[in-house]
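Engineer: Dropping the structure in here first, questions after.
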Amino acid sequence: MGTFTLHQGQSNLIKSFFRNYYLNAELGLPNDMELREFALQPFGSDMYIRHLSFSSSEELRDYLVNRNLPLHLFYSSARYQLPSARDMEEKAWMGSDLLFDIDADHICKLRSIRFCPVCGNAITSEKCERDNVETLEYVEMTSECIKRGLEEARNLVEILEDDFGLKPKVYFSGNRGFHVQVDCYGDCALLDSDERKEIAEYVMGVGVPSYPGGSESAPGWVGRKNRGINGVTIDGQVTIDVKRLIRIPNSLHGKSGLIVKEVTNLDDFEFNEALSPFTGYTIFLPYISIETEVLSRNIKLNRGVPIKIESSIGIYLHLKNLGEVKAYVR
């Protein structure tokens, strides 16, 4: 089977955008970064590079810019005595933060299209027989779906603050949802998988009874149930995992080119071009003809017809498989 290699961040131009970003990016690193495992997926590979350890932001930056430019960049929720050890037992787990993952595509039904990047035809299989290449998939992420994910994050924050007395931070994942993180120390950090599962099930509303006739303003689940909140839609496996990798705040998501960004005020969050660090314009060559919503804008593309468009949009379209960024225009 032929392999089509110019999509998903493989072009040198996209790499240059990412490298220039990481030259000056102020990554959101934990104060105890020397206790964390770092990992990344480099450009041009499906494999992750793991078991990395850094003691300063400068050391990390030098590695990213000069040795392994990341398409995706992570650190561990766990703290380890030896984070660079390749054997998980040798790392010596010291506790971990508490994580929650909200994927908007688990909440909404999104439009999905699979197509051949050569002929542009819609194809349901993973291969185009005519051109002997692998097909690509595009999933449209809408602002309405992101809003629904944000509402789930809002409900989760309320539960963690009011019912557990925790101080969660909310991050836009950089692509299709939100991460909610509690920096844990002491007993919180030492919660095992079973205890974290209980917390996950609690916020999902598993086993929580109905309270008919209760007041909407009542505290806890009584008020939530009577406001129509039956639970928060999270990926429970993320919460249970005590050795999970976290996307580094202010890193770039390799499937969108958007920043993994802390949301300090949920009321002010907007799914738009401001989430991209890229300025200027690009020349974008579409693989297919399509009208689609992109970062809260309606975009019309015609197959094979180059379009001059903001770099934030062009890079997003490229990483979403809809075509190629061919040039940068200042």
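A Cβ is built for glycine as well, from the same backbone N, Cα and C atoms used for every other residue.
According to Swiss-Prot, the record shows the following:
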type	residues	note
ACT_SITE	Asp101	active site
ACT_SITE	Asp103	active site
ACT_SITE	Asp235	active site
BINDING	Cys116, Cys119, Cys128, Asp131	Zn(2+) binding site
Engineer: Tell me the Cβ contacts of Asp103 (active site) under 8 Å, same chain only and six or more apart in sequence, or just say none.
Structural biologist: Gly149, Ser173, Arg176, Gly177, Asp235
Engineer: What is the set of residues, excluding Cys116, Cys119, Cys128, Asp131, whose C-beta falls within 8 angstroms of the centroid of the C-beta atoms at the Zn(2+) site?
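Structural biologist: Here the nearby residues are Pro117, Val118, Gly120, Asn121, Ile123, Glu129, Arg130, Val133, Thr135.
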Engineer: So which one is it: of the binding-site residues Cys116, Cys119, Cys128, which has the fewest other Cβ atoms within 10 Å?
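Structural biologist: So among Cys116, Cys119, Cys128, the binding-site residues given, the one with the fewest Cβ atoms within 10 Å is Cys119.
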Engineer: Between the Cα atoms of Cys128 (Zn(2+) binding site) and Asp101 (active site), what distance do you get, rounded to the nearest Å?
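Structural biologist: Between the alpha carbons of Cys128 (Zn(2+) binding site) and Asp101 (active site) there are 35 Å.
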Engineer: Among the recorded positions listed here, Asp101, Asp131, Asp235, which has the most company in the form of other Cβ atoms within 10 Å of its Cβ?
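Structural biologist: Going through Asp101, Asp131, Asp235 one by one, the largest Cβ count within 10 Å is at Asp101.
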Engineer: Between Cys119 (Zn(2+) binding site) and Asp101 (active site), what is the CA-CA distance rounded to a whole number of Å?
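Structural biologist: Rounded to a whole number, the Cα-Cα distance is 37 Å.
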Engineer: How many Å separate the Cα atoms of Asp131 (Zn(2+) binding site) and Asp101 (active site)?
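Structural biologist: One finds 39 Å between the Cα atoms of these residues.
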Engineer: Report, in whole Å, the straight Cα-to-Cα distance of Cys116 (Zn(2+) binding site) from Asp101 (active site).
Structural biologist: 32
Engineer: Check Asp235 (active site) against DSSP and tell me helix, strand or coil, would you?
Structural biologist: coil
